[in-house]
C-alpha cells in the first residue's frame, strides 16, 4: 500500500538528515498528508519499542527483502496501530505469517519492563526525555462547536473529565482516559501524552484542531476583535489561521499568504473542514505585498510566524533526540529573512498590533530579530507586556526582552516556541 511505502521513505529521510518529518511529508507525493504525518509520528514515537520487537522476533532475518524502515511502519500498524483494517495490500499476508511471534515479543517486553499498556512502554524510558511527555493539546474549534459540547462528547465516550487544571502538575499527572481544561486557554482540552485522536470523528469533522498549546498563543495574544482585518503573513499549514478565524467569529477578513502551493492546497482543505469563511488565500511572497495596496489599508493586526529552523518542534526533538543544532550559516540566512519580514510588516500604515512567533529556540531567530526590528522602527513600536505569570521569559539581552515569551517541554509542557507582541506607540496629541 502506498501509505506504508511513503511512511518508510519519510523515516529513512529523517534518519539520513534530509529534513524534518513535516517537511518530508509535505514533499512526498502521498495525497493524504495528515494520514501520512500521523502514521510517521506514531511510528517514530514507538521507534525504540519497534526496534526491540523486530529484532527479538527475527523478522528481518526471516524476510530478507523487507527493508528496516518499512518493517518498522508495518509492525507499528500491526501491533500498535489500526491493524491493517480494510487494507495492507501484499504486506498483510507477510506480516500475518509473523504475527504470533511479534505479539509474543511485545508481550514479553511489557513483562520485562513491568508495564501493562503499550503507552507505558514509552514512560518506561523509550522516549527522549521531556519532549515525549508533553500532553496532547486539542483546541475546540468554536466556529463549529463549543468546549462544553466537546467535553460532553468525550464523557459519553468513556473519558473522565477532571475540570479545569490549576497547575502544570495537574497536566503532568494525566493518565489513561482522563482529560482536563487548560488553565489559560478556555477552548483548549488536555489529554495524556500518547493520546491519538487523528481518527476521532470530531477531529475529522473539523470540530477539533490538534494543536500544541504554545502554537495557540500567537492568535490568542494578537486578539483581533470580530470585524477586524488581519494579515497572516506566512500562513501554511493553517492551524493559526483557523484560530484567528474562530476569534473573529468569521466576521472580518484574513489575508493569508504563503509561497508553497502544495502547503496552500492542504491549508485550503483544513480551513474548509474547520468552517472558515473569512479568509483569502494567496500564493504570494509576503515581502512582495505592498503596504500601500488599498486592499490592506484597514489591516490593524498581523500574525508573522515565518520559516524557521524548527529547533523547538516536538517532532524534531523526538526524531533527533536533541542532537541536531542548526548551522550558523543556516541560522544567519533564516534570521535575515525573518528580520526583513518583521520590518516589512511594521510598515503597514494602519497596523496597531503584531505577533512575531517561531517554533525555534535559537536566540538568532528570536530576541535578536525582535531587537533589530525595534531599533529600525525608531520608537514607533514597542514590546507589549503579556501574560505576566508565564514562567518562561525572553532572554535578557536588551531592555524589555522579558516581555517576550519562550516555551519548552521542561518549563511549560509544550513544544519549544518564542513569541513577541509588538504594539504601536500612541503619539500624544
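Cβ from N, Cα, C; glycine included.
Feature list (source: TrEMBL):
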ACT_SITE  359  active site, nucleophile
BINDING   234, 235, 236, 237, 238, 239, 240, 258, 285, 305  S-adenosyl-L-methionine binding site
DOMAIN    126-425  domain 'SAM-dependent MTase RsmB/NOP-type'
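The structure, with features from TrEMBL marked on it.
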{"residue": "234", "record": "S-adenosyl-L-methionine binding site", "Cβ contacts under 8 Å, 6 or more apart": "257, 258, 286, 304, 305, 306, 307, 341"}
{"residue": "236", "record": "S-adenosyl-L-methionine binding site", "Cβ contacts under 8 Å, 6 or more apart": "258, 260, 263, 264, 266, 267"}
{"residue": "238", "record": "S-adenosyl-L-methionine binding site", "Cβ contacts under 8 Å, 6 or more apart": "256, 266, 267, 270, 271"}
{"residue": "240", "record": "S-adenosyl-L-methionine binding site", "Cβ contacts under 8 Å, 6 or more apart": "215, 218, 219, 232, 303, 305"}
{"residue": "285", "record": "S-adenosyl-L-methionine binding site", "Cβ contacts under 8 Å, 6 or more apart": "257, 259"}
{"residue": "359", "record": "active site, nucleophile", "Cβ contacts under 8 Å, 6 or more apart": "214, 215, 308, 310, 311, 312, 313, 415, 416, 417"}
Where the record says 234, 235, 236, 237, 238, 239, 240, 258, 285, 305 bind S-adenosyl-L-methionine, what is the longest distance in Å from one Cα to another among those residues?
19
